[in-house]
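Q: Below are the structure tokens for one structure; questions will follow.
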Ligand code: SF4
Ligand code: FES
């Protein structure tokens, strides 16, 4: 008897279309594009600030344009999806022994949301929004 | 007992005669309490004795009956027919592995990888047998017990897109077993295993898709083990570079 194993090919560029699990993963990864764009816009703000009041005021005016507002809303949505996706898997990476078992997943996830909420609150207060 | 007639579409491949796999259909009178493996056994016993596949325990212990059922990596002795609606079920070999014949895949690659991570106890000092066993508290056992449950069924490799894209990746089950020994209080072999774990084809090839843990029939959670090892490797790196005096 001769061996002649057959290797089935996996499509290199469309593999994530094979099932919903891979699509969800890709969605999580794609969200980082929006977070990256947002970071670039923020860095641009710093550059304009360093260039003086005129440049800064133009930047602020630009940010009030409808396109900028829509982009920020969309980016915020994606950032939330990204953050929640990661928060929900943190218990896998953090196994903290406690008593006879481990700290429950819900507690670990809850603490992450708590810190997120706390930091957001402090920032909003510092910015004078609240 | 009620019967249900189900059409099984089964991938066939005869390495001596076929140039590529093809699909053969069988109509099987299934009993309600059957699992997928029972139907495959029925085909073998009553319809077509040439069908090749692996199985042994029929109780989710031996890990040999993994197949792709309706596109999903599945332990065929643990998959009840009542959970499959409709009158058609497609059964193929596990994806990402070469097909030896019909539903049998080649596992040589995994065997090599498993060896490379040294999945056995490496105590700091070997004790002569007369000195008795290496003792451990229940708490210490609990720390790694989950990762001992692996039955090497390979569903996690069949689910992992990174293993498909880069077959050099050590992969979920072998890494989960590495973690199992690293966490064992009786073991001192972690630094030796790190040579394999910390390289690119080790934990860093994983992008945390998490599919391995979703399909694992024994709740081993290989994805979790890999992320924990990533954190430990990162801590190692920082300690080494920021506190060079700690270097051994
Ligand atoms: S980790 Fe789970 S899915 Fe992977 S080989 Fe072990 S038991 Fe099977
Ligand atoms: S036959 Fe042993 S695990 Fe299915």
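Positions of Cβ are set from backbone N, Cα and C atoms, glycine also.
TrEMBL lists these features:
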- B:4-95: domain '2Fe-2S ferredoxin-type' (DOMAIN)
- B:141-170: domain '4Fe-4S ferredoxin-type' (DOMAIN)
Q: Give the nonlocal contacts of the domain '4Fe-4S ferredoxin-type' (B:141-170) in its own chain as ranges (CB under 8 Å, at least six residues past its ends).
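A: Long-range Cβ neighbours of the domain '4Fe-4S ferredoxin-type' (B:141-170): 60-66, 68, 73-75, 94-97, 105, 107, 109-110, 113-114, 116-117, 176-177, 179-181, 183-185, 196-197, 201-202, 205-207, 209, 211-222, 225.
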Q: What is the average pLDDT across the domain '2Fe-2S ferredoxin-type' (B:4-95)?
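A: When the pLDDT values over the domain '2Fe-2S ferredoxin-type' (B:4-95) are averaged, the result is 97.
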